[in-house]
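Student: When I checked Swiss-Prot for this same protein, it listed these features:
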| type | residues | note |
| --- | --- | --- |
| DOMAIN | 1-53 | domain 'ClpX-type ZB' |
| BINDING | Cys12, Cys15, Cys34, Cys37 | Zn(2+) binding site |
| BINDING | Pro117, Thr118, Gly119, Ser120, Gly121, Lys122, Thr123, Val124 | ATP binding site |
Amino acid sequence: MVVEADKKALICSFCSKKQHEVKKLIAGPAVFICDECIDLCTDIMKEENKVALKQITSSIPTPQKICGILNDYVVGQDQAKKILAVAVYNHYKRLEYIQSGNNDVELNKSNILLIGPTGSGKTVLAQTLAKILDVPFTMADATSLTEAGYVGEDVENILLRLLIASEFNIAKAQKGIIYIDEVDKIARKSENPSITRDVSGEGVQQALLKIMEGTVASVPPQGGRKHPQQDFVQLDTSNILFICGGAFMGIDSIITSRTNHSSIGFAANVNIDKEKNNSEILKSLEIEDLTKFGLIPEFIGRLPIVTTLDELDKEALITILTKPKNAIVKQYQKQFELDDAELVIDDSALETIAEKALAKKTGARGLRSILEHLLLDSMYKVAELKKQRVTITKEVVNGLVEPIMTSLISTKSNKKQPIIADIPA
């Protein structure tokens, strides 16, 4: 509200200028602000945005360097790493270009869709990218999301998590990365548009469209539903990179059905090409397959970069156990080291662990649960015993024997001292 009356009595609460000295004086609850202070605040916020962006773009590595760092943490998936490295590099270079003000060509945002089996590395790829770039990062599970007004989590809560990750630094949050997992679980129930309300499927896809494309969203800083009277934070999502991931179980059948020209009728066997594994089939993925699976065309359009991840074989799982910087075995060895103990897992045991993970079809994610089960009793005991070596063999993995525990204390201390007899002169 612009205050007209008693111009001499009213002053700006920030610069103390009287109303007749400024063009506009806006009244709030017991405070006033003039147009000059508003302009100053706007300039300060713009400058902060520039500084936050400069910190990110000045240190962004090249695609080859990004790929090299990903290699330290993620085994295999070379094509997916290359696509991600280029996409992320181009995304942040786009932000630098926009900030420069030289906008003769409009560069659109390119969000990413990762498709691959459980435990193939989708989540760790997104997490590692955020670490490389040192930008705010958050993860969300699509299965917990519902359309606004229904029981469940609103899509705006994803943005709240990003704000929390950035310590409520709006400028930093607006340059962050959001990873939405299990996005295949929000596919609509049928290929045709639903007549009834699909609040956890198509409804969620519709709700995600705006924030993925770019909008100024009103984010409730205390969560949306428990505090309806709170003030909202305005967050521009135009420059937030969205990475979506999912296993898309059954999409291989849709692809095979489309590519297999010998199939006749809807009841035809789509598993004729048995020599091909899922990874090879996924490489033939087309947009129409995603539509048939249950993603609406508008949602797919917000994810222009689609890449598939390979199913991990036995050799890859063994490598994951031992080679990366954050290898699972290295993590457990460090845990034992903190208790003055030593963990040894022989090669035959590593092979058996990998075989068990393959049989369970849980990929790399299953390796940790197998090791946790194997080492539970040992971790329970070594904290008390100290100075122990725990050895895991193939027989231990197969449940035939218990983990072998031996003392690390030098055997010298256990040796009896020789008795020196008195020799008469």
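The backbone N, Cα and C atoms fix where each Cβ goes, and this holds for glycine too.
I'd like to know what surrounds each of these features in this structure.
Tutor: Over all protein chains present, the Cβ of Cys12 (Zn(2+) binding site) has 21 other Cβ atoms lying within 10 Å.
Pro117 (ATP binding site): 22 other CB atoms within 10 A of its CB, across all protein chains.
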Student: In this structure, which of the binding-site residues Cys15, Val124 has the fewest other Cβ atoms within 10 Å of its Cβ?
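Tutor: Looking at the binding-site residues Cys15, Val124, the Cβ with the fewest others within 10 Å is that of Cys15.
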Student: Among the binding-site residues listed here (Cys12, Cys15, Cys34, Cys37), which has the Cα closest to the Cα of Thr123 (ATP binding site)?
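Tutor: Comparing Cα positions, the candidate nearest Thr123 (ATP binding site) turns out to be Cys37.
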Student: Residues near the ATP site, Pro117, Thr118, Gly119, Ser120, Gly121, Lys122, Thr123, Val124 excluded, by Cβ within 8 Å of the Cβ center?
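Tutor: Result: Gly116, Gly245, Leu309, Gly363, Ala364, Arg365.
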Student: Measuring Cα to Cα, tell me the gap between Gly121 (ATP binding site) and Cys34 (Zn(2+) binding site) in whole angstrom.
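Tutor: Cys34 (Zn(2+) binding site) has its Cα 53 Å from the Cα of Gly121 (ATP binding site).
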